[in-house]
Structure formats: structure tokens, C-alpha cells
Amino acid sequence: MLRLGLCAAALLCVCQPGAVRADCWLIEGDKGYVWLAICSQNQPPYETIPQHINSTVHDLRLNENKLKAVLYSSLNRFGNLTDLNLTKNEISYIEDGAFLGQTSLQVLQLGYNRLSNLTEGMLRGMSRLQFLFVQHNLIEVVTPTAFSECPSLISIDLSSNRLSRLDGATFASLASLMVCELAGNPFNCECDLFGFLAWLVVFNNVTKNYDRLQCESPREFAGYPLLVPRPYHSLNAITVLQAKCRNGSMPARPVSHPTPYSTDAQREPDENSGFNPDEILSVEPPASSTTDASAGPAIKLHQVTFTSATLVVIIPHPYSKMYVLVQYNNSYFSDVMTLKNKKEIVTLDKLRAHTEYTFCVTSLRNSRRFNHTCLTFTTRDLVPGDLAPSTSTTTHYIMTILGCLFGMVIVLGAVYYCLRKRRMQEEKQKSVNVKKTILEMRYGADVDAGSIVHAAQKLGEPPVLPVARMSSIPSMVGEKLPASKGLEAGLDTPKVATKGNYIEVRTGAAGDSLARPEEELPEIENGQGSAAEISTIAKEVDKVNQIINNCIDALKLDSASFLGGGGGGGGGGDSDLAFECQSLPAAPAASSAATPGALERPSFLSPPYKESSHHPLQRQLSADAAVSRKTCSVSSSGSIKSAKVFSLDVPDHPTPTGLAKSDSKYIEKGSPLNSPLDRLPLVPTGSSGSSGGGGGIHHLEVKPAYHCSEHRHSFPALYYEEGADSLSQRVSFLKPLTRSKRDSTYSQLSPRHYYSGYSSSPEYSSESTHKIWERFRPYKKHHREEVYMAAGHALRKKVQFAKDEDLHDILDYWKGVSAQQKL
């Protein structure tokens, strides 16, 4: 069974011709027309020319197979062949007349085979053959008439064969021949080779590879070049044979060769190729074969570089023929230009360095080319230091881009320099403005700005204050507050109608600003820099908070004294509404036994802030402290209309007078009911009651000002009025005020809102703020310096962020505080 299976498989392989046909690649045209058939390297390789290929094929490639012979029967059906490639086969026999049917064949490649000779019968019928390649064969004999059937041959390659001799008439009939490769053959330099050497001198081989032609025998001539002498001696085969075979028979010119050269202009133009046969052995052919200028065309090399060359072409009779300058590259050529003048200067560019080029002057007639003279030269090699001319604009583009980039760098550098210089000037101006602002905050706006700067520049000389203002606070309740000062303070704070900037508004309100003692003013430009500014701002903030806290304490005590009276006071005979509030004694034990009329109001000062504490102070004292609560009632000549209870927390120990210093810190006492009573203006009535024990009962009318309805932080000056208002108007101020969005913006300006984002005094600094500063500071700072810095930022943000009427309200608030302090 196994044998039957193998036999069946073998029969299938033999009976299927499609398996072989599939190995050829066909490029077909219309109607089954085949342009190219590639059957090279077939597996299995072809041993005969395949017959399944369409007969219309033009280019047939059968290279690298195992063809043994070329027969007429295998080629006669391919009548349209123009190219036949039989390279690298095992062809050793070509039948005579095998190519009779190939009348259109132009290229025949038979290289790398086993041919031993070339005869006329092997090449018969190929009248249009132009290129014949039979290199690397075993050819020993080429008959003199082998190429007589191929008059159109342009290139013949017989290199690397076994040719020892050639007849002088072998190539004489090939008028169009331009390339004849004979290198690699073992020539026998005897007298029978002299005829071939005579033809070789006349022939202008395009490749000019004369140095590869040398003698192999006899022994005394081994290694001699056939034509070109060696550099170290002038001996070559043709000179030796010329002297040795002088009496020998010279080869007669073939009948098919044109008539001898004649200088007459009426000769047949195409009868010769421009060489005089009398000069065949007169000179050795140089590297560039040129003739006399008077005899025929000449070509000379004028200049050569590594990428260009300049040729000079001289034509005695330019109009006798059509002359063309042709460039040859091995077996191919290309026309460069048509020569129409007697002397042409041709410039050749785009050449490669260290490359050999061949240019010939050729005449054309009847579609045939006749070489007159050729020139072969080699371009120069690149030398370090020589600059090759650029054939592209790459360098130009690169230089343009680099120039643009360099220009952009210069422009950006100039812009950066200008911006940096401008920024430095702005920072310098800003520093001057900050110092000027600090000086104005310290000395007030009454002093001229120029004099302040001039005074600040004088180190060691304290500036002279134009107005000495005191911020003393009455420590005893029994003191009488002069009404004239209060009236002046009240009339001295009109609301500014026009809008202005921060400096203008604050300069206008500088008359009510607080002055610092002259001995407490440090030097401005003493090298300490920002430390002095922060310290100055912090002290100013401390002073403002001291005044605010004192005024708030006074208001709370006055409100408590008004609301604490049962009824009927010194103003009982009046029809106006009056509030009677009495102050509490210092000792909490005596508060329950003492009469309201005998209460003495303590000092305005609050308990001092202890710096050793690490937590923010609470503004409300605990209910466990010794506090006595008083109730305030509304009394009039009639019945009681309404009553509202207010609570007031009073510390159990009186505040010492000695604590009222500029660096002391004060704590506001918040009302548990968050009553706006501590922010309402107090208007004194016509008469006031008196109390014993050094205490005093103040009969005051409460009149809401227009500031109260606008901003919670507004604290206008006291208004003293002689007239009396209605009861409804006097009681309406007791209603709790609501805070609008606009009011809450500047609520930080009041010390009671100590839980805001920024503290207005160092005493309101909290632990969380301290931790934030600890997180971002690069080095450890002093605790007091951090507190002063926070205070300075708070004051700056509160005042500088205010605009227009908001700024006026802030200034009015401080004016009211100042007026209350003066009272």
C-alpha cells in the first residue's frame, strides 16, 4: 500500500504542468500581451527554455537556471523578443542560426556560461543586436567574421575569457562600436597580435581601461601592458612589437572600412571617424585621445574641481556634421549638448568627487553615431580645508534660522532688561510710598509731605510735630466732661461728600488722628528696615484699640447706669424720655447693699492682656464671676411704655490707673445679648442728677445717628442737642440692628469681632494663625515680631481695601472714637 501511495503522488507531480508554470512572473498588457517574463532562479531550475510562456513576450529572463544549450526550436516562437537574459546557466552549445527568428533582439546576455568560441553562425540573424555580453566564459577563439551579422553592435564584453590572440579585422566592420571590454584575457604578445593592437590604437574605447590589458606570454613580455606604459618605464607591447615586427605583414584595411581620411571638406561626412591611418603607430594614445585641431574635432580639459569641470571643444567645420557632446557611463550614454560653434566652453557641474568621467564628441547621420574624440578625467578628491560649493539652500536656511533666533534672544533680553528696570523703579517708589505713609500715620497729615521726607532723611533728628495731641483718658467717673469739646468733636466730623483715594481721605481726617509721644518715635532709616515699620504700625494699632476699648467700656457703663435706675431721676420733670443707669462699685460684695445713687463708676480701663497665655482671649466673662446685673427701665411722666432687660458683666476688681499706658492691651467686654446699645450715640440732656459717694448719675438722651443704620462699625461723635424728640424716635434705637453684607465687610474694624480672619491688634492673635506662620516662615522669628507683622497686615488690609464711602465711614468711626476719648 505504501508503494502504491508513493507512485500515485509521483504521477500527480509529473502530470501537473501548472506547478512549473506558476514559477514564472508575468507582466501582461492588453489582450494577453506579455511585456516581461521572469523565470529566473526557478525551483526546480529549467534545463530547457519553457514553452508555456506567451510568444508575445518582449523581455525574457532565464538567468540562474541549468540550461545546457540554445536551440532554434526553442526560440523561434518568440518573435517579439528585445531582451534575452541567459546569464549564469550551463550553456556550452549554441546552434548555428539559433537566433534567426530574433530579428528584434537588441540585448543578449550570455555571461557566466561555458561557451568556448564565437562564430558567425552562432550570431546569425541578429541585425539589430546592440549589446552583447559574453564575459566569464571559456572563449578561446573569436573568428574574424563573427560579428559580421551584427553591424549595429555598440558594446561587446569579452572580459575574463581565454583569448590569447585576436585578428585585426574582427571588430573593423563595427562602425558603431564604442565599448570593447577585453580585460582579463591572457594575450600572447607575438607578431600575429600586432594587427589587433593597431586597430586598438585607432579605436576610441569609451571605458579607457587600457591598463587592464597586458601580456601573459611569452615570458619576456609577461606583465607588459598592451598600450599604456607603466609609470617606472616606457615599455609596452605595441612599441616592442612595432620594432620587432617591422618587416612583418601589416594588416590591410578591410573593404567595409571607409575610405582613407582626407582633410578635404568635400569628403563624405560619415566615411571615417576622424583618424588618419598614417598616424596609427606614430604616437601612443594618451589618456585623452585628441587629434590635431586643424584635422578634426578636439576636446581639452580646462579646469577640474571635486564637483565641477570645464571643457574646451574645438570643431573646425561645425556645420559639416551634427556634433554632439556625449557622456558615457560604461555601456550607456547620454547627450549633454549640441555643438554649434568652432570653439565651445562647456561647464559641467553636479559631479561627484574622485570619480572618473568620459565625454566624447560624436557626429550623427542616418541614425548612426561616429565617435571623433573622447576625453576621460577624474575629479579631485576632497581635501580638508577645501569648501565644497553647496548645491542646495540648506546652509542658507540654517543661517537664516540661527539669525532669527539670535535676534529673538536679543529682543527678549532687551524686553527683560526694560521690565526688570521698571520693576525695580516701581519697587523703589513703593518703598518710598510705604515710608511716607508710615511717617504720615505717625505724625499726621498736618505736616507737609516734603518736610516729613526731609525730616526722615536726617538721621538722629526726631521730626517736629506741628500739633501736640493728647489721648488721655479720664480715670475717674466723677470728672465732668466739657460739653464744648464734645460739641467740637461732633461738629468736626462731617461726612465727606466727594470721593477720594486713600491718601487724600486720610489726609483730610488727619486732624483727628492720634499722635505718638515724641520720645517713642524710632528712627525710620536706621538700617532696621521692615522691623521698624512693623513696630510702628503695631504701636499705632495698639493705640487705636486702646481708644476703642475705652470708649466701648464707657458706653456700656453709661448704658448700664441709664437702664439700672428704677424711675424718676433728676430729669423726672421733663417730658422727654430719659434713662438712668448707675455704675457698680468696685467690690462685688458691696454691690447688693449699696444704693443705686451711691454707685461710683470705675475707670474705663479694662483688665490687661497677659502675653503668657497661648489661647485667644474670650470677650465675655463667665457667669461665675462676681457680677451684679442691673435692669434698666424706661421712665417718663406717664406710665411705663416698654421695658427691655440688658445684662452687663463687670469685673470684680477695679482696673488700676497705672495700666493706662500706650503699650497696654485692652479687652472688650461683649454683651450676652449682642445688643447694639454700646454703639449708639449718647446725647446729654439739659440737666443731670447727682449721686453721693463721689459717683455721678448722668442723664443722657439716646439719639440714633444716620451712621448707625448704615454700618455696625460706625461710631459717630457725640451730638448735643437742646431740643427733645418724640418717645417713639427715642425708643426705636433699642431694636437690634441687622447686619447687611456691606456692613459685614468692615466688621473687622470693631475690636469686638475678634474672630475675623485678621486681628486688628496683637492681643487678638490666635494659636491657629501662629501655626500658619510657623508653617511657611523659612527661619524662626521672634514672637513679638510675628504679632506685629500680623497687626500691620490687618491694619493695612482694613484701610487700604476700603473704597469711597466705606473709607469715609471708617474714618468717621475713628473720628468718633477720638472725640469720645477727648471727652
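The backbone N, Cα and C atoms fix where each Cβ goes, glycine too.
For 23-397, the entry in Swiss-Prot reads topological domain 'Extracellular', with the evidence type sequence analysis. Summarising model confidence by region, the topological domain 'Extracellular' (23-397) averages a pLDDT of 81.
Annotation source Swiss-Prot lists N-linked glycosylation site at Asn54 (among others). Listed in sequence order, the residues of the same chain lying 6 or more apart from Asn54 (N-linked glycosylation site) and placing their CB within less than 8 Å of its CB are Leu26, Glu28, Gly32, Tyr33, Val34, Ala37.
For Asn80 (N-linked glycosylation site), the number of other Cβ atoms no farther than 10 Å from its own Cβ, over all displayed protein chains, is 18. Look at Asn80 (N-linked glycosylation site): DSSP puts it in coil. Residues annotated as N-linked glycosylation site in Swiss-Prot: Asn80 (among others).
What Swiss-Prot lists as N-linked glycosylation site is Asn85 (among others), and the listing cites sequence analysis. The C-beta environment of Asn85 (N-linked glycosylation site), restricted to residues of the same chain at least 6 apart in sequence and closer than 8 Å, consists of Ser40, Leu60, Arg61, Leu62, Asn63, Val107, Gln109.
The repeat 'LRR 3' feature in Swiss-Prot is assigned to 104-125.
Residues annotated as N-linked glycosylation site in Swiss-Prot: Asn117 (among others). Reduced to three states, the DSSP call for Asn117 (N-linked glycosylation site) is strand.
Swiss-Prot lists 152-173 with the feature repeat 'LRR 5'.
Here Swiss-Prot flags 185-247 as domain 'LRRCT'.
Around the Cβ of Asn205 (N-linked glycosylation site), the same chain contributes Met178, Val179, Cys180, each under 8 angstroms and 6 or more positions distant in sequence. In the three-state DSSP classification, Asn205 (N-linked glycosylation site) falls within coil. Residues annotated as N-linked glycosylation site in Swiss-Prot: Asn205 (among others).
Per Swiss-Prot, the feature N-linked glycosylation site maps to Asn247 (among others).
Positions annotated as transmembrane segment by Swiss-Prot: 398-418.
According to Swiss-Prot, the topological domain 'Cytoplasmic' annotation covers 419-823.
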Beyond a gap of at least 6 residues from its ends, the CB atoms lying under 8 Å from the repeat 'LRR 5' (152-173) belong to 111, 127-144, 146, 179-188, 190, 192-196, 198-199, 203, 216-217, 251, 253-254, 256-257, 331
Asn117 (N-linked glycosylation site) and Asn80 (N-linked glycosylation site), compared by Cα position, are separated in whole Å by 27
